[in-house]
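Take a look at the structure set out below.
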2 protein chains.
Amino acid sequence: MKPVKVGVLGLGTVGGGTVNVLKRNAAEIARRAGREIIITRASAKDLNKQRICDTQGIALTTDPYEIINDPEIEIVLELIGGAGPVKDMVLKAIENGKHVVTANKSLIALHGNEIFAKAGEKGVIVAFEAAVAGGIPIIKAIREGLSGNQIEWLAGIINGTGNFILTEMRDKGRDFADVLAEAQALGYAEADPTFDVEGIDAGHKLTILASIAFGIPLQFDKVYTEGITKITRTDVEYAEQLGYRIKHLGIARKTPEGIELRVHPTLIPERRLIANVNGVMNAVLVKGDAVGPTLYYGAGAGAEPTASSVVADVIDVVRALTSDPENRVPHLAFQANALVDIPVLPADMFRTAYYLRLNAEDKPGVLAEVTRILAEHQISIEAISQKVPLNNETSVPIIILTQITLEKEMNAAIAEIEALKTVSGKVNRIRLETLG
Amino acid sequence: MKPVKVGVLGLGTVGGGTVNVLKRNAAEIARRAGREIIITRASAKDLNKQRICDTQGIALTTDPYEIINDPEIEIVLELIGGAGPVKDMVLKAIENGKHVVTANKSLIALHGNEIFAKAGEKGVIVAFEAAVAGGIPIIKAIREGLSGNQIEWLAGIINGTGNFILTEMRDKGRDFADVLAEAQALGYAEADPTFDVEGIDAGHKLTILASIAFGIPLQFDKVYTEGITKITRTDVEYAEQLGYRIKHLGIARKTPEGIELRVHPTLIPERRLIANVNGVMNAVLVKGDAVGPTLYYGAGAGAEPTASSVVADVIDVVRALTSDPENRVPHLAFQANALVDIPVLPADMFRTAYYLRLNAEDKPGVLAEVTRILAEHQISIEAISQKVPLNNETSVPIIILTQITLEKEMNAAIAEIEALKTVSGKVNRIRLETLG
């Protein structure tokens, strides 16, 4: 068969990595796909910039639309990123009947519903394996590998920067701000780290995972996000003493009342495999009703890990070129007309366990007051421990682990505890999941 | 579209689990596949036997060929197991133009080349996700998810019984024979445990994984297998002291000289995620040139985890019913005409590190002799430690970790060490992999 001609938009980290992998592994890829896949054109903002890839044999342009409108190009790789002008490029490529492969999580999370609807009309594929967890084939695993299951929940370490920071805090007893500065110097974290440390990036990825797990539309605006900026060394150490690690998780769970979509720091038992995923690595734990828990681990970012997913998508598309558009793997794992708008729960209705840390005066009766408040809100205590006051402090840290409770009740109880005269400052609250 | 009619051969653990999952999740599966998938017929040896599944609505027979020859059946699920009469059933189903889904590792490992050739001629699919690592979608991950990579090596815990035994030995300081007896009582291990503990079962699975990773024919007869029967509590404990766990791994590695295919007990650093895969769980670590290391973890056996993979295959087949047979995902990940017969290396040519345990007389000069022999065989020592003799023993255990060396040299060195007058008994040798 004739080679498939591919056009690449963007020659940065992911674009450059993709060019390198497609060139280096061309022979192996042709052995798999049954035909050659060649990049004939690529666009970049600045053609004089130093690249990580060799662009020999590739016609370069600064205008992405030259590629999008080129009738010879069958597959467009959108590797520019961001949800700005890129959306129109992707829609135009679809309009032109081209298949699209993208690594763009915010594009899919924010505009995926519109993009997939358009792709459905035109009978083309928009593939996005690289948008979540870099090189881990997690989209394929959930969408196809676990397709016989009802997915009950999933929990993922899906932001490498955040995991690097938490790992360093634990392993080396360092402070958040200190590690963040290093991550920025190493290039793991952006100059504006908000997307990473506040959970926005993880929220985009969780939006996508939840959609393919439960067959619901993409709805990033309903994801609860809480960052890791308030995690202290103290909490990391207390968690450790109790047999837990603190990880920044994206969690999607189907409950009888609706779906929980939440990104937040979470205590998880250290014996869980996912608690031992360290540094910039990603992992996603998926619980299906038939298969039980399964875990997928690998590099969540970087030029070639991301390219690995982009190229896998390209090969999938090449295989589907001759297929019946009505009988392909649906974009969001479920048939477009079978997506169900199950309600996404507000944070008040989350059900989870908690770690609480509060500072109380070293006086009799304080514990009695705190436990009375928890009991009044139907919150059962799993463990409680009073720490030795440091130096000359008159207040003592109290650590409480609760059983699973309604978040609304927990918030009300915390407000009452904070109002106690014997308790100083805020109650530090971190959610806890056993992931059992 | 009309429902797809499926026939099931075998209603034991996997067959029963598959019936249960396909029935329970019928609505969810139809939302994904775009049409109903129904089991209309099933065969079993004894129709009066108690089943784990509800067979209402399914026409039962004792003759598998009634199903294989039924023109209404589009997909045959071979869930009988074993490589005996089942081979003819699968070939006949293919001959009749039916797609086949099987969970049968020995069938694929021993007769896959013939089966896939026949399937290729007839333009049908033979899917076998459930044949390796139960519910983990590892075949799909390697074959499709990592298709942009050159796979460099993979290492898997792919026999749950063996891993259960090694986990118990480590966690509870128990002996091999004792744990094996319990595993048999619990139903994890067969009455004849040879397949599990001698690495035959893992060898079948490794054969399949290696084929889809490297694009080589299936060749079980070239797999080196070594069981876990000689692993002692002592070795488990010494490994632990050195920061390692002993796991029974299936390893496939591409080297410039050829391919290593080996199943054997292996010391691996305890900080590796795969070292922390415990009990009956399975995990496969795959190293691709672009993606780096990725890991896949989940239940390696059991009715519903295995059914999860069977049903996923069925849905894949349903989606491919309308596709061009020439442009499907190839059975062994690479186009049938692109498989390459790379030589499989004999054990003598393996390159790996080693853990050695030997008993030496407590006399000066013994260590000098042992290290001289290793040096003469170009074997570098990574660590050496002499243990305190127990009770009144006059010999002392010596533990040596070597760097990577040629197995042939190691065997020669061991023979010379065993011939030393100051060394008593055999040298206990366990391979060591850092999996870095």
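Cβ atoms here come from the backbone N, Cα and C positions, even for glycine.
Given the structure is predicted, the values throughout are model-derived calculations rather than measurements.
Here is what TrEMBL records for this protein:
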ACT_SITE  A:Lys205  active site, proton donor
BINDING   A:Leu9, A:Gly10, A:Leu11, A:Gly12, A:Thr13, A:Val14, A:Gly15, A:Gly16  NADP(+) binding site
BINDING   A:Lys105  NADPH binding site
BINDING   A:Glu190  L-homoserine binding site
DOMAIN    A:355-432  domain 'ACT'
### Summary
Smallest number of other CB atoms within 10 Å: among the binding-site residues A:Gly10, A:Gly12, A:Gly15, A:Gly16, that is A:Gly12
### Task
Report the residues of the chain - excluding A:Leu9, A:Gly10, A:Leu11, A:Gly12, A:Thr13, A:Val14, A:Gly15, A:Gly16 - with C-beta within 8 Å of the mean position of the site's C-beta atoms, for the recorded NADP(+) site, in sequence order.
A:Val8, A:Gly17, A:Thr18, A:Ala44, A:Leu79, A:Ile80
#### Entry: For the domain 'ACT' (A:355-432), residues assigned helix / strand / coil by DSSP
24 helix, 33 strand, 21 coil
#### Entry: Between A:Gly15 (NADP(+) binding site) and the residue listed as 'L-homoserine binding site', the C-alpha gap once rounded to whole angstrom
18
### Task
Using Cβ-Cβ distances, find the residues under 8 Å from A:Leu9 (NADP(+) binding site) that belong to the same chain and are at least 6 apart in sequence, listing them in sequence order.
A:Gly15, A:Ala42, A:Ser43, A:Pro64, A:Ile67, A:Ile68, A:Val76, A:Leu77, A:Glu78, A:Leu79, A:Ile80, A:Val86, A:Met89
### Query
Fewest neighbouring Cβ atoms within 10 Å: which of the binding-site residues A:Leu11, A:Val14?
A:Leu11
### Query
When the Cα-Cα distance from A:Gly10 (NADP(+) binding site) is computed for each of the recorded positions A:Lys105, A:Glu190, A:Lys205, which gives the smallest value?
A:Lys105
### Local confidence of the prediction over the domain 'ACT' (A:355-432), expressed as mean pLDDT
93
### Minimum Cα separation from A:Lys105 (NADPH binding site), reported as the residue among binding-site residues A:Val14, A:Gly16, A:Glu190 that achieves it
A:Val14
#### Entry: For A:Val14 (NADP(+) binding site), the three-state class that DSSP assigns
helix
### Task
Measuring Cα to Cα, tell me the gap between A:Val14 (NADP(+) binding site) and the residue listed as 'L-homoserine binding site' in whole angstrom.
16
### Summary
Going by C-beta under 8 A and a gap of 6 or more residues, the same-chain neighbours of A:Thr13 (NADP(+) binding site) are A:Ile52, A:Gly302, A:Ala303, A:Thr306
### Task
Rounded to the nearest Å, what's the C-alpha distance separating A:Gly16 (NADP(+) binding site) and A:Glu190 (L-homoserine binding site)? Just drop the number here, would you?
19
### Message
Return the count of C-beta atoms lying within 10 angstroms of the C-beta of A:Lys105 (NADPH binding site), excluding that atom itself.
### Response
26
